[in-house]
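Chemist: Here's the feature list from Swiss-Prot:
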- ASP146: active site, proton donor/acceptor (ACT_SITE)
- ASN8, GLU382: Mg(2+) binding site (BINDING)
- LYS15, HIS206, LEU207, GLY208, ASN209, GLY210, ASP280, MET281, ARG282, GLY328, VAL329, GLY330, GLU331, ASN332: ATP binding site (BINDING)
- ARG89: substrate binding site (BINDING)
- HIS178: site 'Transition state stabilizer' (SITE)
- ARG239: site 'Transition state stabilizer' (SITE)
Amino acid sequence: MSAVLVVNSGSSSLKYQLIDAKSEEALATGLIERVGEGEGRIRHRGPGGSAEYTLVIPDHTAAFRAMLAAFGTDGSSLVEHPLDAVGHRVVHGGKRFFEPTIVTPLVEANIDDLADLAPLHNPANLDGIRAARQAFPAVPHVAVFDTAFHQTLEPAAYTYAIDAALAEEHRVRRYGFHGTSHKYVSGAVAELLGRPLGELKQIVLHLGNGASACAVDGGRSIDTSMGMTPLEGLVMGTRSGDIDPAVLFHLSRRAGLGIDELDELLNRRSGLLGLTGHGDMRDVRRVAESGDAVARLALDTVAHRLKHYIGAYTALLGGLDALTFTAGVGENDPDLRAAACKGLGVLGIQLDPERNAARSPGARIVSADGSPVTVLVVPTNEELEIARQALQAVAAG
């Protein structure tokens, strides 16, 4: 029985999943935290059950050794499940990578060269790739880029209206993120509706602590809310989303904030956290339900921004067949879905209150019978999408 190992390597973490290449079943999952921070923590779940323990993990190479040891003790030994590929999540592929790519030394060098576009992610992704290639030297390794799905954007969609030569020199343009999720979900919607992907006009809302919207026309991304970085777009847990750039000049002059302080403000101290002191949507909703006006305003701001993108993308698509909510908040917050869809009957979006309120772990339709636009909740599965793309890359050679 062959399998694909999917790896998501963060700066101090290693998340992994072993997926059966034929059944697409998750055979084992795990998370290793606090890599390089002294005593690390391992959580592993496989056929033999679940385990959680601590271990000194100085670097990603040690994290892979710990992962192999966990596989060896839970009944999902990689000897019994030989690997067809190792699929790696890489956040930023710039404009160089538009498809899953078999890792070579040149590919590693290119990922490293793009680190200035994703300084918090690409170096950690590359550490994981190098450690994995050392652990599995005979297995093909495939990089799957979050930005790749958005390489189909037209120049009018990805161009910022600034000095063209300066933008070209410093690689300033819209790249978009969450592409692996948007690709998976848009495909799952077509399957659920029993319609060809190529004929569907879709909007996918990936709503977690990070959040993005994507307009998908016939399976192709034509616009997305995140930009050169994941900061642009929707209101998020700790990120501001769209903001007038002149606000930064104003805060620099009047509050004396430097570049690094402004970066910290917009990426880590804004969004829900900045508005309410809570970065988790569940906490914000709990406080709002107790009568807190500031928390209520934050929820209204989130919904307002969602409506803004739903309307804009419906216009860009020239109509809409399906609106889909996914990721942690999108899948589990019926009140936000209701607020985002309220008043959008003019666009053909009609939510069914009972269907929307019903709790279910699976993919489901939550729009009313007769709604011109089908509204869905579809759980994302980025690991499975990475596994699929890794196998496709290996098969293509």
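Including glycine, each Cβ sits where the backbone N, Cα and C put it.
Bear in mind that the values here come from a model prediction, so they are computed numbers and not experimental data.
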Chemist: With the ATP site defined by the record as LYS15, HIS206, LEU207, GLY208, ASN209, GLY210, ASP280, MET281, ARG282, GLY328, VAL329, GLY330, GLU331, ASN332, how many Å span the farthest pair of C-alpha atoms?
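Modeler: Answer in Å: the longest Cα-Cα distance is 24.
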Chemist: Cα of LEU207 (ATP binding site) to Cα of HIS178 (site 'Transition state stabilizer'): how many Å, rounded?
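Modeler: On Cα coordinates alone, these residues lie 10 Å apart.
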Chemist: Just to verify a number: CA distance, ARG282 (ATP binding site) to HIS178 (site 'Transition state stabilizer'), in angstrom, no decimals.
Modeler: 22
Chemist: Do you know offhand how many angstrom separate ASP146 (active site, proton donor/acceptor) and GLU382 (Mg(2+) binding site) by C-alpha?
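Modeler: ASP146 (active site, proton donor/acceptor) to GLU382 (Mg(2+) binding site), Cα-Cα distance: 10 Å.
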Chemist: Would you mind ranking the recorded positions LYS15, ARG89, HIS178, ARG239 by how many other Cβ atoms sit within 10 Å of each Cβ and giving me the lowest?
Modeler: LYS15
Chemist: Do you know offhand how many angstrom separate VAL329 (ATP binding site) and ARG239 (site 'Transition state stabilizer') by C-alpha?
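Modeler: Rounded to the nearest whole number, the Cα-Cα distance is 15 Å.
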Chemist: Minimum Cβ neighbour count within 10 Å among the binding-site residues ASN8, ASN209: which residue?
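Modeler: Taking ASN8, ASN209 as the binding-site residues, the minimal 10 Å Cβ count falls on ASN209.
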Chemist: Determine, to the nearest whole angstrom, how far the Cα atom of the residue listed as 'substrate binding site' is from the Cα atom of ASN8 (Mg(2+) binding site).
Modeler: 5
